[in-house]
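Undergrad: First, the structure itself, so that you have it in front of you.
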Amino acid sequence: MEVRPADDRDGPSPTRSEPPFGGILPTEEERRADPRKAILAAAAELFAARGPAQVSLRAIATEAGVPYSLIYRFYRTKEELVARVMELFVVAGRRAVADEADIYDAIGNAFVVDSGWFGQMIVWAIADKTAPDRLMRGDSRSGAYRAQIEEMWADPRPPQVRGDFDPRVLASIVQLMALSWDMIEPYLTALAGPDMPAAADQRTEVIELLKLLVYAARPVEAPGSPDGEQEAPADR
């Protein structure tokens, strides 16, 4: 991990809004009672807001309200602290997904479950060229989505969705995956665990899944169909 010195005067600490993952970060009371929790919470907020390379350990100590020496006592290095923050986010996300009724509910809530903090950490990791195995290790594995998907496949039912999709939105999804997949795949593989297919096989499967998505999202009423007859809706 590239560690560059950061200016401790690089602006105010990020404004705390709703805590991610339904309150996974320690409360203010817990932070005051346990300096280890105070350090981890401060690091999570600062890393996600600015990127680990732009945050010094001294800035984390200031934000946490603890002596600088305690960071070395509890976490030793910035790399270890970054890994612990990622572990915190992953474990919290895994719990949140597992608590959902099914994969459809999990997908519906995926955009709000962590306020984007986990995604921001991945973006910073890519920018700083941090190796996936240095970012995610130990408990930083998540199979919650996979379990929900396999459960739905065992007892399939279509989701309740609109009948007409905007091709521009679908095109944006295709573009997003095409532009970002090669960058994020190593991190998603590390997140999923060692039994994932090879990178080339994953890439091929993603392309096929995007083709399937485009087909499944086609209009229910076929353009030019005689007498306005409608096709039977696909199981979406």
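Cβ coordinates are placed from backbone N, Cα and C, and glycine is handled just like the others.
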Undergrad: According to TrEMBL, which listed range is DNA-binding region: 56-75, 96-115, 176-195?
TA: 56-75
Undergrad: What does the DSSP secondary structure composition of the DNA-binding region (56-75) look like, as residue counts for helix, strand and coil?
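TA: So the DNA-binding region (56-75) is made up of 15 helix, 0 strand, 5 coil.
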